[in-house]
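Have a look at the structure below, then the notes.
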Amino acid sequence: MWTKVLALLLCLQAAHAGWFGGSDDSDGPVTCGSVVKLLNSNYKVRLHSHEVKYGSGSGQQSVTGMKDSDDVNSHWQILSGHDGACERGAPIKCGDTIRLMHMTTRCLLHSHHFTAPLSRGNQEVSCFGTDGAGDTGDNWKVICGGDVWTEDEEVKFKHVDTAQYLSISGQVYSRPINGQMEVCATSSSGYSANWRVAEGVYMSSSKEEQPVAKDEF
């Protein structure tokens, strides 16, 4: 039932080009199964993907930073780590391993030792696998300061296999994804590796009847 509610909320979001107002509380926990848009704190772009493959490196589906806040290709669902499990609606704890599934194309945020397409010394970040099926290259550790990841705080995502951080390089693509920014994995955990939830549909526990949608704060 909850998947139907989630799909309805996302369809309505696309139609109205905005997220629905929910509770005014912006420091609640981010939960397993929630669908979010992640905003890079430094460059103010949202984590994004689309059916455009890299012309070099792995040749997998590209991942970029998108300035447009209304683009439906910036929705990501929070899943448990590869071969792990998390209860729907359970708070994501600092230090937990998660995966992020792209809602439109159903692939998983991924990294590996391929070189980033634009910046030097960084790793490529791609979208890999289908419907939650992938490998350990899809695992990201949530780095935050408290007990659980909350909606209003900046967090980092550390790639488990390679110990690199999900970042924006500042480099900008030309055609066919003109103006979008390079997402990469870097050894630096500096400000360009900081992310926060800009918008989201948050899953409650399985005892609750429906998710809660919240606007960007």
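Every residue gets a Cβ built from N, Cα and C, even glycine.
According to TrEMBL, the signal peptide annotation covers 1-17.
According to TrEMBL, the feature domain 'MIR' maps to 27-81 (among others).
Annotation source TrEMBL lists domain 'MIR' at 89-145 (among others).
The feature domain 'MIR' is assigned by TrEMBL to 145-200 (among others).
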Provide the three-state DSSP residue tally for the domain 'MIR' (89-145): helix first, then strand, then coil.
3 helix, 28 strand, 26 coil
Residues in the domain 'MIR' (27-81) per DSSP class, helix first, strand next, coil last, are 3 helix, 27 strand, 25 coil
